[in-house]
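Participant: Supplied in C-alpha cells, the structure appears directly below.
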Amino acid sequence: MKIRIDHGRIIDPANGINRAGSVYIEDGKIVSATDEPAGFKPDTVIDAENQIVCPGFIDLSTRLRDMGHSRKATFKSEVLAAASAGVTTLCLQPDTAPVIDTPAVVELIKELAEKSGYPQIYAIGALTQKLEGTELSSMLSLKQAGCIAVGNANQPVKNLLVLRRAMEYAASHDLLLMFRSNDFWLGNNGCAHEGAVATRYGLPSIPEAAETIALAQCLELAELTGCRVHFGQLSCKRSVIKIHQAKKYGLKVSADVAVHQLHLTENDMTPFDSAYHVLPPLRTEEDKQYLRQGLAGSTINSICSDHQPHDLDAKLGAFPETEPGMSSLETLLPLMLCW
Amino acid sequence: MTDNLQLNAEGKLKHFLTIEGLSKSLLTEILDTAESFAGVSEHQVKKVPLLRGKTIVNLFFENSTRTRTTFELAATRLSADVINMNIATSATSKGESLLDTIRNLESMFVDMFVVRHALSGAAHFIAQQTAPHISVINAGDGQHAHPTQAMLDMFTIRQLKPDFSSLRVAIIGDILHSRVARSEIQALNTLGAAEVRVIAPKTLLPAHVESLGVSVSHNLTEGLKDIDVVMMLRLQKERMSSALLPSESEYFKCFGLTEEKLKIAKPDAIVMHPGPINRGVEIDSKVADGPQSVILKQVSNGIAVRMAVMAMAMQTAAPAPGRSGGIHTIPGERHAGSLPASGIHAIPGDKGAA
C-alpha cells in the first residue's frame, strides 16, 4: 500500500522541516518527505491543500488500563482514540496492574500491543519494585526487555537515599528517569489546588510546594548522580522557573505538561464536578500562563495527554472520593492547536 | 460561581445545599418563614399539616445528635413521615454505594433527603443524581457547608441584634476543617454584616482565607475588640495528633474563650457555639453557661429554621399543577397555600392552636 499526500504544509520539528510539499508513505511508514522515491506509484493520493501534515505524535504519559483495570479501558479501545488524534507512539506509565517491574510484564505489554494492531506502545519501567519506593527494580533487565525509561508514576519514593541510589543505578545503565514530582506528605491526600476555590468548597488541597519541593530535591540529586531526568506533568509557575534555571545551569533535564493544564484553571471547576478531579490539580491562571510561556520558550519540551480513562463509576461520587484523571488522548491534538 | 442547582426555574429554593449563590432576599425569606414557625413548638399540638403525606429520609453517613434530632423534630412538626438512617461510612466506601443507597430509597417513594456526609460535595452529588421531584437538604458535607446551621445562627442573631449592617462578628477556632464557618461567613456577608473576622492560628486557617471575605487575626485578645457576636467553633481532638496544634492546654491559653477575654468584646456581645462544646478546650464553662451565651437558644431555633427550609424546598420541589404552591390539599382541611404564613397552624378542630 502506497500513499502520497500532496500540497500539505509539512511540519516535522525533529528533522527541521516546515514547508509545503509531498509526503510518500509505503506500508504504513513515511519513506520520504522530500524527493519522490524512484518508481513510487501511489495507490492513493490525498490532497492536503490548506492542511498540516505531521509525522505521528509521541505521547509521553498514557494509561491504557488493560491488565487489571480492563473495565475502564483496554489497549484495543484506547489505541483507536490515540490514532484518531494522530498519536502513533504511546509511553505507558508503570502503575499498571501488575506493575511494570519485571521483564515478563514488559513482554506482556508488547504482546497486547501487537494484538491491538498498534505496536508502538513503549513501557516505562518502575523505578522501584512494585512502585513501593523502597527497593530498586531490575532496571537493566527492564531496559533489555524494552523499557525506554524508568519512572515513579504517581507513587512516592520512601526517602531521599532510596531516590539517590535509584538515580545512581539508572545513570549507570544510561536510563532516563521520568519523574513525577509530588511530595506525598505535603500533598496531604488533597484533591484540589490549595487556593481560593478549594477553600470555598472545603476540599482537601495540595499546595504548589508539594510539587516544587519534590522537584527541587530531584534536581539536586540529578546533579549529584548525573542521572538524566524528565519531569512529567508540571503544574505550576515555580516548577517552570526551577526547570528553566536547571537547564541554564547545565543539568540534563527535560519536562512536559499535560494538555489540560494549558487550558484549564481552578476557576473552571464547576462545583464538585468530578471531571475536573486531576492530579496534579488544576491551578491558577498565573500558573497556566507560565506553563504556556515555558512551552513557547522551550523550558517545557513537550505536551502529553496524561490520558487516564475511567469507567463511569470511578467518577460518580462526592468529589474527594472520585478517581483522578481525564480521558484526553482524543482531545490532545485539537487542544494543542488552539492555544 | 453561582450554584443554580439549588434553585428552580422561578428562582425558588429546591435544594438547600450551600449559602453560596443565594440572595439576601432568599435568606431573609428563610428567616421570616422560620419566625412564622417559631411558635409551633410552644402550642399544645406541636404540628402543622404542611408536609402531611410526605416522606423524609434523614440520611446520616456521619454521626450527629443535635442536627439529626432537630431535623427529625422539624419534619414531624410539619406532619411528614420521617425515616432515620445512620449509615456508618468508611474511607474506602465507594461512590457506587452512595448512589445505590440513594437509588434504593428513591424506589421507596421518598420526597426529601436530609444528608450528612463526611466528604465535601456529597450533598451536591446526591442533588444532581436524584429524581427531579426529590429535594435535598444538606445537613453538613465534609468541610464544605452546613447551611441550616448558618441560618439558625442568623436567626438567633437577628432575634437579639436585628441590624446586620452594624454587626462585627468574630469566628474563632478551626476554620480550616469547619463547614459551619464557611456557611456562616457566606451568610453574614450576604446579609451585609459590617465585618466578619476569623481568629485562629495559621494551622487552622485555609489558604487564601481572606478570599472568603473575612479579616484575619491570629490573636484572640486583639481580635475580640469591637466584636458584637462571638462564634466559637468546636476543636476536634484529632487536631493534636495531626500536628496542627501542640496541646489542648496551649490552645485554651491562646484561643479559649474566658470571662476575662470576653470583656474585650463589646459589653452586649453574644456568645455562640454550634455544639457540641468542649468545655475547657475552646470555651470556659463560665462563659458557655453565662448570661451572654445563647448556645441553647441556637438549638431551639434549629427546629423552626429547619421547618422553614424543609417547607420552602418541598413547596417548590413538587409543583402539583393547579394548586398554589404545590402543597397537597387534603379535603376538609384548610391551610395557607403559600409561605410565610402566620396562620399556617390553624387546623380545623384544633382551636387551641391558633
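Quick reminder: no glycine exception, Cβ is built from N, Cα and C everywhere.
Feature table excerpt (TrEMBL):
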type: BINDING; residues: B:Arg66, B:Thr67, B:Arg116, B:His146, B:Gln149, B:Gly275, B:Pro276; note: carbamoyl phosphate binding site
type: BINDING; residues: B:Lys94, B:Arg179, B:Arg234; note: L-aspartate binding site
type: DOMAIN; residues: B:14-159; note: domain 'Aspartate/ornithine carbamoyltransferase carbamoyl-P binding'
type: DOMAIN; residues: B:167-312; note: domain 'Aspartate/ornithine carbamoyltransferase Asp/Orn-binding'
type: REGION; residues: B:327-354; note: region 'Disordered'
Participant: Starting from the Cβ centroid of B:Arg66, B:Thr67, B:Arg116, B:His146, B:Gln149, B:Gly275, B:Pro276, which together make up the recorded carbamoyl phosphate site, report each further residue of the same chain whose Cβ lies within 8 Å of that point, ordered by sequence.
Facilitator: B:Ser64, B:Ala139, B:Gly140, B:Val180, B:Pro274
Participant: For B:Arg234 (L-aspartate binding site), which residues of its chain lie six or more apart in sequence with Cβ-Cβ distance below 8 Å?
Facilitator: B:Gly173, B:Asp174, B:His273, B:Pro274, B:Gly275, B:Pro276, B:Ile277, B:Asn278, B:Glu282
Participant: Kindly assign B:Arg116 (carbamoyl phosphate binding site) to one of the three DSSP-derived states: helix, strand or coil.
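Facilitator: SS state of B:Arg116 (carbamoyl phosphate binding site) = strand.
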Participant: On a simple 10 Å Cβ count over all chains shown, which one of the binding-site residues B:Gly275, B:Pro276 is most densely packed?
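Facilitator: The residue with the densest Cβ neighbourhood is B:Gly275.
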Participant: Cα within 10 Å of B:Arg179 (L-aspartate binding site) is the criterion; apply it to the binding-site residues B:Arg66, B:Thr67, B:Arg116, B:His146 and give the hits in sequence order.
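Facilitator: Those close enough are B:His146.
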Participant: Taking chain A as the partner, extract the binding-site residues from B:Arg66, B:His146, B:Gln149, B:Gly275, B:Pro276 whose Cβ is under 8 Å from a partner Cβ; order them by sequence and answer 'none' if none remain.
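Facilitator: Listed in sequence order, the binding-site residues near chain A come to none.
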Participant: What residue among the binding-site residues B:Arg66, B:Arg116, B:His146, B:Arg179 has the most other CB atoms lying within 10 A of its CB?
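Facilitator: That would be B:His146, with the most Cβ atoms nearby.
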Participant: Using Cβ atoms only, which residues of the same chain lie under 8 Å from B:Thr67 (carbamoyl phosphate binding site) while being at least 6 residues apart in sequence?
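Facilitator: Once residues fewer than 6 apart are set aside, B:Thr67 (carbamoyl phosphate binding site) is near B:Arg116, B:Ala139, B:Gly140, B:Thr148, B:Gln149, B:Gly302.
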Participant: Pull the DSSP breakdown for the domain 'Aspartate/ornithine carbamoyltransferase carbamoyl-P binding' (B:14-159) and write it out as helix, strand, coil residue counts.
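Facilitator: Split by secondary structure, the domain 'Aspartate/ornithine carbamoyltransferase carbamoyl-P binding' (B:14-159) comes out as 62 helix, 27 strand, 57 coil.
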Participant: Enter the number of other CB atoms within 10 angstroms of the CB of B:Gln149 (carbamoyl phosphate binding site).
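Facilitator: Other Cβ atoms within 10 Å of B:Gln149 (carbamoyl phosphate binding site): 26.
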Participant: Helix, strand, coil: count each for the residues of the domain 'Aspartate/ornithine carbamoyltransferase Asp/Orn-binding' (B:167-312), based on DSSP.
Facilitator: 61 helix, 24 strand, 61 coil
Participant: In whole Å, could you give the widest CA to CA gap in the carbamoyl phosphate site formed by B:Arg66, B:Thr67, B:Arg116, B:His146, B:Gln149, B:Gly275, B:Pro276?
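Facilitator: Of all Cα pairs among the recorded carbamoyl phosphate binders, the widest measures 16 Å.
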